[in-house]
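Student: Questions regarding the structure given below will be posed in turn.
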Amino acid sequence: MVKRKLVVGNWKMHGIVPETSIMLEKLKKEVEDIKKVEIVVCPPFVDLYTANISVNGTNIELGSQNVFYEEQGPYTGEISPLMLKGLCKYVIVGHSERRIHFLETDKIIAKKVAAAVRHGLTPILCVGDTLQDFNDGFSKITILSQLQAALHLITKDEVAKVVIAYEPVWAIGTGKNCSAKRATEVAKDIKHTIAELFGKAISEKMRVLYGGSVKAKNANVYFDDPDIDGVLVGGASVDHFEFAKIIKGAEKHTK
Ligand code: PGA
């Protein structure tokens with residue numbers, strides 16, 4: 001099944017509010033003719049309101065970089081799915097930077113995935129192996145166990161709505177992107193596992209992205225592959241020109 005390519009920009013902790021509109025204005029101009037690619041920008045939480053006004057009526061969707069699993073209550077500093085509803089369509093869950101710096105466990109991530117889908121947000125669930133896993137030959141075990149753990153609180157139909165991003169930790173922000181061959185193997189493993197756990201029809205509906213040091217100069221190799229449904233871009237997405245080049249590459253590679 002040929003799916004629309006998805007190109008997601010994760011701005012991480014970059015972009016103060018006034019810069020957000022400027023960055024999005026520039027991006028809008030660059031990508032206004034894009035028809036075949038779904039474009040998503042994930043700015044910091046505080047920028048979402050402004051960003052929402054800025055992208056209204058355009059071909060750019062928004063995502064948040066995180067979400068908490070409760071709807072409201074005494075959770076100082078957290079943002080609930082109810083607060084995000086209406087502001088963005090997607091939410092990144094389980095990014096390795098959150099697993100590493102904020103000690104998010106598979107259990108927490110599973111609750112976040114469930115909270116997101118139940119409030120109509122589409123989770124972009126990040127899974128990935130560390131360099132140690134890679135060197136020790138444990139990559140597959142790590143990736144698939146993260147996957148299974150993160151999806152165990154939701155139903156089959158809800159699973160179909162989740163986007164999975166394979167993001168090897170050793171490739172994030174390092175300039176060492178994973179080869180398309182390896183990214184394809186992992187994407188296939190992920191789809192195969194989803195098929196085993198939830199059925200083939202669900203795995204065929206799901207989208208699997210690759211993320212980790214994706215730049216304009218290396219992105220096209222991922223778009224050539226039917227098993228990779230798009231990319232999650234960090235550093236390169238903050239530069240509107242570079243990000244637009246990646247999106248245009250995806251458009252060109254879409255039949
Ligand atoms: P990077 O980050 O493109 O800067 O490597 C990717 C990500 O963290 O999602």
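Cβ coordinates come from backbone N, Cα and C, glycine included.
TrEMBL feature annotations, pasted as is:
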BINDING   Asn10, Trp11, Lys12, Gly173, Ser213, Gly234, Gly235  substrate binding site
ACT_SITE  His95  active site, electrophile
ACT_SITE  Glu167  active site, proton acceptor
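Buried or exposed, and what's around them? Tell me for each listed feature.
Tutor: Trp11 (substrate binding site) carries neither a helix nor a strand DSSP state and counts as coil.
Annotation for His95 (active site, electrophile): same-chain Cβ neighbours under 8 Å, separated by at least 6 residues, are Asn10, Gln65, Asn66, Cys126, Glu167.
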Student: Taking the Cβ of Ser213 (substrate binding site) as the centre, how many other Cβ atoms fall within a 10 Å radius?
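Tutor: So the Cβ neighbour count for Ser213 (substrate binding site) comes to 20.
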Student: Take the Cβ of Lys12 (substrate binding site) and count every other Cβ within 10 Å, whichever protein chain it belongs to.
Tutor: 18
Student: Relative to ligand 1, which of the binding-site residues Asn10, Trp11, Lys12, Gly235 have a Cβ found under 6 Å from one of its atoms?
Tutor: Asn10, Gly235
Student: Using an 8 Å cut-off from the Cβ centroid of Asn10, Trp11, Lys12, Gly173, Ser213, Gly234, Gly235, can you name the remaining same-chain residues around the substrate site, in sequence order?
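Tutor: Surrounding the site, in chain order, are Ile172, Val233, Ala236, Ser237, Val238.
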Student: Fewest other Cβ atoms within 10 Å: which of the binding-site residues Gly234, Gly235 wins that one? Let me know.
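Tutor: Taking Gly234, Gly235 as the binding-site residues, the minimal 10 Å Cβ count falls on Gly235.
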Student: Let me spell it out: for each of the recorded positions (Glu167, Gly173), count the other Cβ atoms within 10 Å of that residue's Cβ, using every protein chain shown. Which one has the most?
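Tutor: Top count of Cβ atoms within 10 Å goes to Glu167.
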